[in-house]
Amino acid sequence: MSDNNRSRHITEGVARAPNRAMYYALGYTEADFQNPMIGVANGHSTITPCNSGLQRLADAAIEAIRVSRANPQVFGTPTISDGMSMGTEGMKYSLVSREVIADCIETAAQGQWMDGVVVIGGCDKNMPGGMMALARMNVPGIYVYGGTIKPGHYKGKDLTIVSVFEAVGEYTMGRMDETDFKAIEQCAIPGSGSCGGMYTANTMSSAFEAMGMSLPHSSTMANEDQEKVASAAESARVLVEAVRRQLRPRDIITRASIENAVAVIMATGGSTNAVLHFLAIAHAAEVPWNIDDFERIRKRVPVICDLKPSGKYVATDLHRAGGIPQVMKILLNAGLLHGDCITITGKTVAETLANVPDAPPPGQDVIMPIERALYPQGHLAILKGNLSPEGCVAKITGLKNPVITGPARVFDSEDDAMSAIMDRRIRDGDVVVIRYEGPKGGPGMREMLAPTSALVGQGLGETVGLITDGRFSGGTWGMVVGHVAPEAFVGGPIALIREGDSVTIDAHQLLLQLNISDEEMAARRKAWAQPKPRYVRGVLAKFGKLACTASRGAVTDAFEE
């Protein structure tokens with residue numbers, strides 16, 4: 001098979017003379033048409049520091065493609081800054097952007113018959129959006145993560161974006177003066193790169209490396225470091241070789257490799273969003289995968305990394321301690337990874353890890369050996385019960401109060417809940433319910449970092465529960481339960497909770513329960529009426545109409561299911 005087996009459809013033959021004329025206008029020569037056309041999906045943007053450092057990575061990839069005797073074709077992809085839109089109506093567009101990014105890449109690459117695609121992204125939804133596109137198309141591809149941000153510093157402490165959100169709660173409670181508050185705001189993010197803890201972007205990049213769709217060590221590099229530029233160039237070179245070997249995403253993205261990715265997510269204490277996104281990626285790759293698979297893996301994989309938001313360290317610390325290859329080697333030796341999975345380099349996981357030390361380096365406590373794991377089981381649990389028969393997601397490790405039964409404080413939007421928190425109307429023992437924020441009801445399934453961080457800042461993070469049919473940021477921690485499905489907008493049980501009802505969150509029993517009788521539940525369901533959609537035009541209306549349930553990834557193309 002030729003290197004240009006796709007692009008030749010628009011470059012070869014008499015009938016394609018007009019097509020070639022367009023290429024000549026771009027500086028192509030006749031000889032170039034024999035070489036593969038490689039798309040570079042460039043997420044560079046000055047909207048957010050997560051993406052502001054991507055252009056030099058794209059430039060390095062473009063040059064490496066040329067040196068590899070291939071033709072780079074650059075196109076842009078949009079981004080939304082989760083950190084900037086958080087707590088506002090703009091956050092409704094965040095999950096929507098995952099679908100838009102996937103559609104943009106698929107549209108450009110398929111419309112132009114590209115032979116391979118290098119996807120370069122930074123902020124949270126860039127990650128799954130790009131991988132979903134590669135999995136859908138099954139055109140040779142590689143993911144280049146833009147890199148993490150370095151931590152900020154103030155008064156001897158490392159800072160991240162979550163430090164600022166939590167400072168809001170402390171400031172409103174009078175526990176922090178204005179000088180410290182402003183200093184944290186101004187020092188938390190010192191430069192370009194994605195948010196520095198094991199939040200969503202770093203979680204997904206680590207998982208992509210574990211799955212074999214990104215190069216070893218690439219997921220924990222800092223954006224501002226030169227090694228990140230070199231890694232982008234090497235990624236492009238490897239992708240051109242994959243095109244020539246016809247190594248495709250679905251050769252790599254298999255049930256076994258997704259199990260590897262999820263094992264690493266559990267071992268590193270990754271984001272709840274990974275559950276939603278890997279359901280979507282598996283759907284795109286046509287890999288059988290469901291929400292219960294996460295629970296199966298959680299029960300056998302320990303947490304061995306002490307990373308923010310609930311731990312001490314950030315991604316750059318993990319990188320210095322050996323990065324994802326070190327984590328994977330520990331898991332592989334423990335029989336917790338599939339070593340025979342193929343990776344984008346053509347090597348298996350076991351071959352890739354052959355020269356990685358068996359034990360983490362001494363003198364550090366970022367990565368722990370299995371026998372000294374922080375927690376014996378993973379942290380991302382799937383809870384079920386009469387409030388979430390399809391399942392929901394919670395981080396359950398390290399909780400001081402793993403069981404809470406308390407009165408429901410019910411809010412039909414994040415905004416109303418945030419007002420109550422800021423007005424100090426939430427008390428110890430309450431269970432905050434934020435509903436009509438699901439994929440269809442929001443629409444867009446907003447992240448609840450603002451209210452959860454405000455609760456933490458007010459000293460309520462360990463004593464107040466919070467459940468929602470929306471999502472959580474990767475920076476969220478505490479007794480919080482998200483992705484409750486079915487969602488309120490379609491009549492899920494969360495829609496039937498009333499102010500003051502007794503609600504139980506039980507991390508031990510993996511239970512989310514509304515403590516009323518079945519008869520009362522049935523009566524409330526009969527009386528419930530679906531509200532009108534909040535949007536009837538535009539992209540939010542389209543997403544609300546098309547998105548499936550969170551328990552299947554909230555994708556917009558699940559038509560056959």
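Note that the numbers count up from 1, one per residue, in the order the chain is shown.
Cβ atoms are placed via backbone N, Cα and C, with glycine included.
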Which of Cys104, Cys187, Cys195 belongs with Cys50, Cys123 in the [2Fe-2S] cluster site listed by Swiss-Prot: Cys195
Residue from Glu414, Glu437, Glu447 that Swiss-Prot also lists as binding Mg(2+) with Asp82, Asp124, Lys125: Glu447
Integer Å distance between the CA atoms belonging to Cys50 ([2Fe-2S] cluster binding site) and Asp124 (Mg(2+) binding site): 9
Check: same-chain CB within 8 A of [2Fe-2S] cluster site center, minus Cys50, Cys123, Cys195: Thr48, Pro49, Asn51, Ser81, Asp82, Gly83, Gly122, Asp124, Ile149, Gly193, Ser194, Ala201
Cα-Cα distance linking Asp82 (Mg(2+) binding site) and Cys123 ([2Fe-2S] cluster binding site), given in Å to the nearest integer: 7
Listed in sequence order, residues with CB under 8 A of Lys125 (Mg(2+) binding site) and six or more positions away: Thr79, Ile80, Asp82, Ser94, Leu95, Ser97, Arg98, Ile101
Chain-internal residues near Ser473 (active site, proton acceptor), provided their CB is under 8 angstroms and they sit 6+ positions away: Asp82, Met86, Val162, Tyr199, Thr200, Ser271, Asn273, Glu447, Met448, Leu449, Thr452
Cβ packing number for Asp124 (Mg(2+) binding site), 10 Å threshold: 33
